[in-house]
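Reading through the structure tokens given below for one structure.
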Amino acid sequence: MTTLIDLVYASPLFFLILFIGLQRFEKRQLINGIVFNFFLFSALMDAALIVIRLNNETLNNIAIAAAIVVVLIVMFFYLFGIVLLLWNAYIVWKKESHTLSNMLTLLIALAIIGSFFIPIITRLLHIPADVKLFVSIIVSVFLLYIPLFFYLYLTSLIIYQFNRPRYQQDYIIVLGSGLIDGQFVPPLLASRINRAIRFYDKQVKKGRPAPKLVFSGGQGPDEKLPESVAMQRYAIEQGIPIKDTLTEEKSVNTLQNMQFSKDIIMADTTKSNPKIIFATNNYHTFRAGLFAKQARLKADGIGAKTSRYFLPNAIIREFIAILKMKQHQFILVASASVAFAALTVLLNHM
């Protein structure tokens with residue numbers, strides 16, 4: 001019994017060391033977020049055990065107060081989550097273009113509202129009990145899997161924001177996005193360029209060689225010039241010498257941004273292992289890092305701040321893209337849930 005308790009007490013230290021090791025080895029992986037949560041929950045378990053064993057009135061009161069605060073926060077988001085989603089959807093509708101990707105909070109709110117009517121609909125349609133059981137099992141699995149996966153993804157994204165590369169980089173890849181009127185840099189893209197410029201300026205002020213800014217983005221069918229060229233022009237207007245810029249003009253997605261920028265860098269550099277980072281918006285850094293890893297590009301990201309009202313939609317969109325990247329895992333869970341549901345229905349008849 002004592003050995004088991006000792007293991008429980010030691011587990012936070014184990015998970016913390018493992019997390020630090022994983023972060024130092026490779027920041028661009030979801031496993032880091034999973035291990036961090038093991039550390040967090042094991043530390044909370046240790047704290048609870050210590051409070052119980054000491055049986056100190058002051059500590060007990062602090063623990064109860066902390067538990068009440070957590071419960072109230074969870075209840076608030078549970079009870080008012082739909083209202084918050086609809087409010088965010090309203091703000092985004094007013095300030096952004098009316099595209100499907102900008103209506104994700106609205107769609108989620110409507111889906112939650114619609115779920116309340118499912119029991120009524122199933123009664124009205126007189127759906128057979130076996131079908132109800134089969135569907136309810138599959139739905140239950142995904143109601144557990146998707147929020148849990150989202151939580152782990154969100155943890156990994158937040159952890160990635162603490163990435164602080166040293167001011168001794170050789171290249172900064174700036175990831176492109178769409179242009180206004182097919183030729184002008186929009187505010188979202190400008191924030192990425194400005195983030196790279198701030199890093200550039202700070203490195204120069206420290207007396208180190210200036211990094212080259214690699215602007216990455218091809219030309220869309222409705223654009224008058226490649227995104228990278230528009231980005232380069234913007235940076236030059238901000239005072240960046242043209243000799244410190246390169247353009248990658250063929251990419252159409254983030255993976256190609258990384259692949260083609262890597263090719264341009266390796267053709268430009270005299271070093272066998274140049275130091276590279278990339279700049280994008282904060283919500284996009286983690287997924288962009290996964291693409292950099294996929295392209296075998298050793299580069300971590302720095303993120304530009306994004307308007308708070310835009311973050312919920314952006315993070316949900318990124319999560320959907322992560323699900324697509326992990327589609328094999330998603331299909332495995334779906335297949336397992338279907339098999340389990342079918343087996344349950346079959347056993348129900350035996």
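Placed from the backbone N, Cα and C atoms, the Cβ positions cover glycine too.
Note that TrEMBL annotation is computational and uncurated.
The transmembrane segment annotation in TrEMBL covers 6-22, 34-52, 64-87, 99-121, 133-154, 330-347. Positions annotated as domain 'DUF218' by TrEMBL: 170-320.
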Long-range Cβ neighbours of the transmembrane segment (133-154) (under 8 Å; 6 or more residues past either end): 30, 33-34, 37, 286, 315, 318-319, 322-323, 333-334, 336-338, 340-342, 344-345, 348
Integer average pLDDT (0 to 100) for the domain 'DUF218' (170-320): 95
Cβ contacts under 8 Å made by the transmembrane segment (34-52) with residues that lie 6+ beyond its boundaries: 5, 8-9, 11-12, 15-16, 18-19, 22, 59-60, 63, 151-152, 155, 159
